[in-house]
Each structure stands twice: as C-alpha cells, then as structure tokens.
Amino acid sequence: MSASASVPASVQHDQAGFRRVLGLGSLLAVAVGLVVSQGVMVMMLQGVGAAGLGFIVPLGLAYLLALSYAFSFSELALLVPRAGSLSSYTEVALGHFPAILATFSGYVVVAMFALSAELLLLDLIVGKVYPGVFPQYSVAFGVLALFTGLNLLGIDLFAKLQSAMAVVMVIVLLILGVAAISEGHAEGVTTTLLQGDWNPMGAGVLALTAMAVWGFVGAEFVCSLVEETRKPERNIPRSMIIGLTVIFITIGLYGLGALFLVPREALGSDALPHYLFATTVFGKTGEVFLVIAAVTATCSTLNTSLAAIPRMLYGMACNGQAFPQFKQLSPRARTPWVAVLFVAAITGLPILLMGQDAAAINLLLLAAALAWLLAYIIVHLDVIALRHRYPHLARPFRTPFYPLPQLFGIGGMLYAIWNASPSPEMSLKIYGTAGLVLAVVSLIAVVWIKAVMKKPLFRPEPLQP
C-alpha cells in the first residue's frame, strides 16, 4: 500500500491521473440515480401491496440501515481516498482476500445481473407501450452501447448527463405520487385508509425490511469517484446522506400515492405495478410518464455503474488485485477505458444467454444481492478494525455515535440476508446460487493472491501515516 493511502482526501492531487471536476450536485445525482432503478420502482410498490401503510415501518428501518453504511463508507473513503473504494479500505483493514471477495461479489457480479435486468425491464416496458416499433433487445443493447460510448468520452459529460437524468426521474416519481395523493384525497380515500387496518401484516411486516433495503443500496458508488471530487471531505458524506433522504421521501410519496388509487392486492400481484400505477393516475398519458421514468431510471443506473465500477477495477489493478490492463486511462478523457468496456461486456452477456427469462434474472439478482449485503457487513467491519488498530489517526469524517451505527448495520444486514427469499420454495435456489457465486469468486481470489500477488490472504496492508 502506498504511503498516500492515509493522506486526507483534501490534499490528494490527481496522483492517479484523474481530474477533480465533480461537485456536490454531481455526486448527489450519482447517489440518487444509481439507487432509484426500475427494479426499485417495482419492488417498492409490491411491498406497499403486501403491507399497505405498514410498509413505512420496514422502509424507515431500511433508511436507517442505509445511513449506517453511508457513515461507514464516508469515514473509510476519506481515510483511504482511492478509486478502489471497498477493496482499498478492506486491504488495510482485513487483508487482500476479503477485499477482492467483497468488491467482486458485491459489485462486479451484482452489477452484471442488476444492469442486465434493468435493461431487459426497459425493453419490456417500451415494447408494451409501443408494440412492434422496436425489434426485440434493440432498446436494451442500444442504450448499453450509447452510455458505454458516453462514459468513454469522460467524467465531465457523465456528470452533466447524470444530473439531468436524476432530476427528471425524481420529478416524475414525485408528480406521480403527489397527483395520486391529491386525487385520492379529493375522493375521500384518505379517511378510508386511515380508518382501516393500516398494518395488516402486524409484526410480520418486519420481514419486509429485506425488500425495503433494496430501495437504498448503491449510494456508496460516489466513494469510487473520490479522486475526481472537489472538497471530498465535505461532498462525499453530504451526497450520500442527502441522497438517501431524498430517496426515502420520494419512495414514501410514490408508494403512498399508489396505495390511494390502486387496489393493494393489484399492487402485490401485478408483474409491472409501476405501469398499472401510472396508467391509473393519468390514463393513456400515464404511459408517457412511465416511459420517461423508466428511461431515466434505467439510464441513470447504467450511467453510474459504467462510471463507478470501472474505477473500482482501476483501483484494484493499481493495488495488484486485478488485471493490470484495468489501469489503462485514455490519454484525453482520463477514463479507465478497458474497465468500462469490460463492465459493458459483462452487462450484455446475461441478456444474450437468458433472454427475457424474468424468473432466471430475478433469481440471479436476488442471489447476487446477498453478496451486496455481505459487502456492507465487511465495510462495517473495516471501520471497527481500523478504529481498533489506528485509534488516534486523523479522520476527516468520523461516524457519529460509533460503534452503534456499525453494530446496527451488521445486525440489520444479517437479518435482511436471512429474510431475502420471498418464498420457502425459492430459498434453496437463492442461497445455493449465492453460495456458488461466492465460492467461484473466493477460488479466483485465493489463486490470484497466492500465485500472482504472492501475499497472505488475511494480512492487512499497513496504513502509513
């Protein structure tokens, strides 16, 4: 580990060849744009369909869990301000094996299935609204090719696009929610909802915390952009905390609006509840709203992933944890172009292999999401380990009420993993697939560390003063 690893973020000056061009607005767009995807729009409505107004309980718990990981990532990103993000933090806290395992299983593999699912969902929605206009998969691959090219052109263009898409997406979702609440209030639905059983699931609603957590995962992608951020010690924590709060308010109004106008049973059973919601509120015009929301949600998620994950791979390559080709930056745009093309390739692969088999995609997505939660547990352990080993080291950001957020986060993520399966019959498939993913990544990590890096698996690298 280089001596610069622990230098405060504010005094790191383009050592890796990146340019500091991102401000709070750009980072906020990354945090919101990555999290709010079509998959989240669907799952939040299904949660509302299952629990009614009671869904606010798991949604609130998920928001607190998200704040806990935001605190941990903020502390680590400013203590070890490197593009490698989780891999850079974990190698100095727990060693190289947990670092590679967490980053590949928790980000590269998850993104591989999450992004392909998003693109397929966009293809499906556009095909439903405009039947016969676009050939199958043309929208999915067209959008993938477009944003791969735009990300190769540089971080400046990425930031402008991301900010615009995130703003449009949040505005559309808020319009849907507020319009539905206003219409429902005028029809007297408010009184009916409040007089009825607001929480039909009772204490069982806590099991939906696992579903609600998916509405907040991914805000930490801003941390991989730390080397390109202006005033990171201020903007990194603020972007995640403000972004997660905006998401909580948006999802709350969006879900409440749906509950006002769409029967709860329909929200819970419909495969495309966001389509049902939009057309119920605005009729045929709602299809246009939905297409705008779907396009901006999918494109902002894809855009952020194609910016952040390649920079994680770049950081890992700089640390010797991945192929050295990932270190290559384009001469003009200073973009890790090999890593961008790699992420684009693994995103398109599942679409070719599985087509529109939604069941297979959802299974792989749920299984890989378990690995994402494992990555969050590891980041909390990183904070605890580094606080223990380096208690007096200056930290630009310190987790408030340490170690309570870390302990709460670890317990909550374990609970979410335990309740990740939507049905008993799917449990074996989900946990089996997740186990297979982790086993394959673990094997590759062990071989790489021992044969290529020639280092111990669990010996942390020194964090130089």
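Including glycine, each Cβ sits where the backbone N, Cα and C put it.
No curator has checked TrEMBL annotations; they are predicted automatically.
Pulled from TrEMBL:
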type	residues	note
TRANSMEM	21-45	transmembrane segment
TRANSMEM	51-71	transmembrane segment
TRANSMEM	92-114	transmembrane segment
TRANSMEM	134-154	transmembrane segment
TRANSMEM	161-181	transmembrane segment
TRANSMEM	201-227	transmembrane segment
TRANSMEM	239-262	transmembrane segment
TRANSMEM	288-314	transmembrane segment
TRANSMEM	335-353	transmembrane segment
TRANSMEM	359-379	transmembrane segment
TRANSMEM	400-418	transmembrane segment
TRANSMEM	430-449	transmembrane segment
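Touching of the transmembrane segment (335-353) and the transmembrane segment (134-154) is concluded from the presence of at least three CB pairs under 8 A, sequence neighbours closer than 6 excluded. Sequence-distant residue pairs (6 or more apart) of the transmembrane segment (51-71) and the transmembrane segment (201-227) include at least 3 whose Cβ atoms are under 8 Å, placing the two stretches in contact.
Most Cβ pairs within less than 8 Å of the transmembrane segment (430-449), among stretches 21-45, 92-114, 161-181, 239-262, 400-418, belong to 92-114. Counted over residue pairs 6 or more apart, the CB atoms of the transmembrane segment (201-227) and the transmembrane segment (92-114) come under 8 Å in fewer than three pairs, which marks the two as apart.
With a threshold of 8 Å between CB atoms, the same-chain residues lying at least 6 positions outside the transmembrane segment (400-418) that come near it are 61, 64-65, 67-69, 71-72, 209-210, 213, 370, 373-374, 376-377, 380-381, 383-384, 387. Comparing 21-45, 161-181, 239-262, 288-314 for CB pairs under 8 angstroms to the transmembrane segment (134-154), the maximum falls on 288-314. When each of 21-45, 92-114, 239-262 is checked for Cβ pairs under 8 Å to the transmembrane segment (288-314), 21-45 comes out on top. Long-range Cβ contacts of the transmembrane segment (21-45) within its own chain (Cβ-Cβ under 8 Å, at least 6 residues beyond either end) map to 59, 114, 117-118, 121-122, 125, 155-156, 159, 162-163, 165-167, 169-170, 173, 211-212, 214-219, 221-222, 225, 228-231, 234-236, 238-240, 242-244, 246-247, 250-251, 254-255, 258, 267, 272-274, 277, 293-294, 297-298, 300-301, 303-305, 307-308, 365. Through the fold, the transmembrane segment (92-114) approaches residues 1, 5, 37, 39, 80, 84-86, 301, 305, 309, 312-313, 316, 319, 321, 343, 346-347, 349-350, 361, 364-365, 368-369, 371-372, 374-376, 378-379, 381-383, 385-386, 389, 437-438, 441-442, 444-446, 448-449, 453, 455-463 of its own chain, all at least 6 residues removed from its boundaries and within a Cβ separation under 8 Å.
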